[in-house]
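Down below is the structure, laid out as structure tokens.
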């Protein structure tokens with residue numbers, strides 16, 4: 001490794017980020033502060049190694065972080081604790097990102113998983129939207145926004161067989177938004193998502209198990225609303241022959257078995273560790289999913305040199321995959337750092353101005369927070385930054401007289417809508433690329449009606465949750 005070259009510095013930064021994961025896992029299980037401090041040091045080293053290769057927008061995040069650090073030292077009496085909290089958030093995000101990248105990389109390269117996606121994209125028109133929404137959801141649990149890359153590519157490939165340009169255009173749009181909305185619905189409940197991880201960290205008294213019942217209702221609401229709108233407003237060109245249905249459509253379980261098996265193993269093992277040891281569910285995820293990824297790679301290799309397959313996969317992960325995602329690591333880690341430290345700086349200002357958010361009616365406050373998150377996405381604010389900044393400023397659920405699940409649901413639902421409406425998010429950018437349109441076109445022309453409908457329904461559900 002030549003650290004004098006950009007490639008060498010990227011690889012060094014990647015190793016520091018993997019070291020962050022390796023140290024964060026024991027912190028999640030033991031709570032010993034020393035592990036958190038070491039993880040913070042590793043993430044600083046990783047960001048420093050990545051910095052010379054970053055484009056200006058990413059460097060701006062690093063500079064803002066340095067500026068806020070200097071400001072905190074100058075004005076906060078407990079500046080050291082505030083900076084350590086921000087570093088803890090940054091190292092947690094980097095560690096979770098590395099863990100999720102491991103399982104995403106292993107799954108995305110699996111022929112069986114790719115075949116699952118091809119099966120879903122080849123469904124008949126009457127089933128296609130719902131199939132791709134559910135597929136986008138299931139794939140999104142493992143691949144995150146990589147589900148849009150995989151299914152989006154297969155969908156556009158399938159749409160080439162359309163009988164006319166008109167049909168092709170609308171088929172591509174409907175397939176892509178189905179995938180995107182399915183992915184967005186994972187943000188409400190998935191223990192493999194940053195949305196729930198960050199939200200649970202800023203809402204006192206909240207837990208994954210406690211959120212699940214309401215989150216399940218939210219997922220059903222998001223999926224069925226999209227399907228209903230597609231059914232009502234889908235174009236009906238006359239004289240166009242419908243594609244023949246894939247003959248394998250009767251064997252759903254057969255085609256989806258690899259994906260369902262992988263999901264079952266991940267969720268069952270994470271839940272078992274979570275409940276057996278009392279460790280935070282995201283700590284369990286961090287510890288387990290890299291190991292599951294290694295086992296998955298070995299199983300894919302079969303009897304054909306599994307040890308060599310694991311060695312090559314781990315080497316590729318450490319020297320190419322993680323270094324190649326340096327921009328995402330800088331963006332996400334610094335978003336958490338800036339949001340957390342910014343919130344610590346804003347708290348005394350709000351208190352000094354006499355602003356008392358606890359005096360705002362709970363239902364109005366939650367609905368405002370729900371809508372604020374997608375609105376901040378319109379100006380390019382990453383949801384991690386927005387929630388890390390806004391969350392600590394909110395009164396505790398206990399002070400508002402509401403259950404923690406209501407506040408969590410308001411935040412994660414807003415995060416989900418930001419995922420389909422912000423022209424700056426990875427999901428919108430990917431859909432725009434596959435659809436051949438601008439990100440703003442995807443955000444508001446393709447998803448505008450969906451967002452407004454879901455927004456009204458979620459606002460009503462939030463009202464019901466906080467009513468005495």
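Placed from the backbone N, Cα and C atoms, the Cβ positions cover glycine too.
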Annotated transmembrane segment segment (source TrEMBL; candidates 329-347, 386-404): 329-347
Result, the transmembrane segment (210-233) in contact with the transmembrane segment (279-299) (3+ CB pairs under 8 Å): no
Selection from 59-77, 175-198, 254-273, 449-467, the stretch that has most Cβ pairs under 8 A to the transmembrane segment (129-154): 175-198
Range from 35-52, 254-273, 329-347, 415-437 with most C-beta pairs under 8 A to the transmembrane segment (175-198): 415-437
Interface-richest range of 35-52, 210-233, 329-347, 415-437, 449-467 toward the transmembrane segment (12-29), CB pairs under 8 Å: 35-52
Leading contact stretch, 210-233, 329-347, 415-437 vs the transmembrane segment (449-467) - CB distance under 8 Å: 210-233
Criterion met for the transmembrane segment (35-52) and the transmembrane segment (415-437) (at least three Cβ pairs under 8 Å): no
